[in-house]
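**Q** According to TrEMBL, the protein has these features:
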REGION    71-91  region 'Disordered'
COMPBIAS  71-85  compositional bias 'Low complexity'
DOMAIN    206-274  domain 'COQ9 C-terminal'
Amino acid sequence: MQRLLTLRVGTSRLNRAVNLCQLNSNKLTFKRYATNGQPKETIDPLPKNTVKLTGSENVRSVYGALASATETKNNTNTSNKTSASQDAPFQSESDLRDNVLRESLKFVEELGWTIDAIRAGIRTSNQSSTIEGLFSSGYDLVDYFQRDANSKMSAYMKEQVKKGEIQGTRLLIDSLKYRLGLVIPYASTWGQAMAQGALPQNSMRSWKSILELSSDAWHGIGDTSTDINWYTKRLVVATVYKSAEVYMLQDQSQEKLDTMDFLERRLNDFQTLGSLRNTMTKSLSDTAQITSGIFSVIRNLTSRR
């Protein structure tokens with residue numbers, strides 16, 4: 001005869017043997033009762049080596065099973081973390097690089113334009129150290145700064161054009177002074193940045209950055225020329241600007257005011273296109289100074305090792 005599970009109520013005696021399921025604080029057991037209502041034997045329905053739940057105050061039934069409140073809470077937390085991870089926005093490799101390099105700029109004054117500064121940026125960005133493989137050298141940091149500064153200069157020019165307060169040559173001069181002003185906070189280490197840009201493995205990126213700067217500057221004042229002057233004017237602005245950076249390295253004036261005056265004096269030669277040839281001649285002489293200055297910096301850095 002199939003035994004039925006029932007509850008023992010009060011002191012009533014049952015006329016046949018039944019199985020009674022009881023849950024105590026230590027284990028789940030079945031007690032077999034004789035017909036007189038006295039316990040006959042205790043049967044543990046759980047197999048050996050089975051972990052038994054303890055603490056009845058933390059135990060509750062879940063879909064026919066038993067789970068502790070702590071276990072349920074942990075499962076919920078894990079689920080929430082997984083959900084949060086899935087909801088996190090996708091970040092491209094270029095965005096990840098730029099975010100790290102942006103943080104790395106905070107360490108340039110202390111560590112220079114080096115891979116050590118990039119490592120510090122990785123740590124403060126809460127990124128895994130494995131992403132260091134995305135960077136080849138400290139010049140990645142220089143290149144990021146150049147691109148970011150060019151972008152900021154373009155935004156500045158658009159804002160000034162929108163206001164309608166300055167235009168033409170005056171806008172060109174003010175914009176390049178604004179661009180140079182972004183470098184001044186890093187003046188103490190900028191010689192290292194220029195020296196790295198002169199290395200063969202970095203020269204292409206260095207020239208690309210300075211030519212983009214001059215192209216953005218001319219485009220910002222509405223220059224749309226397509227003849228040979230397009231190349232000439234951009235080369236002149238690039239050369240004059242780089243000569244101002246070299247001048248800045250040895251400028252001891254407060255807030256580099258002498259450097260700003262130097263840049264403005266040279267750019268004033270652009271008042272008319274007729275003066276462009278004379279400006280080009282002067283600028284070419286600056287090229288020799290720039291080259292000499294860069295190699296002097298490289299020689300000094302090398303001699304310190």
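Here the Cβ of each residue, glycine as well, is placed from N, Cα and C on the backbone.
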**Q** Over the domain 'COQ9 C-terminal' (206-274), work out the mean pLDDT and round it to an integer.
**A** 89
**Q** For the domain 'COQ9 C-terminal' (206-274), what are the DSSP-based totals of helix, strand and coil residues?
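**A** Its residues fall into 56 helix, 0 strand, 13 coil.
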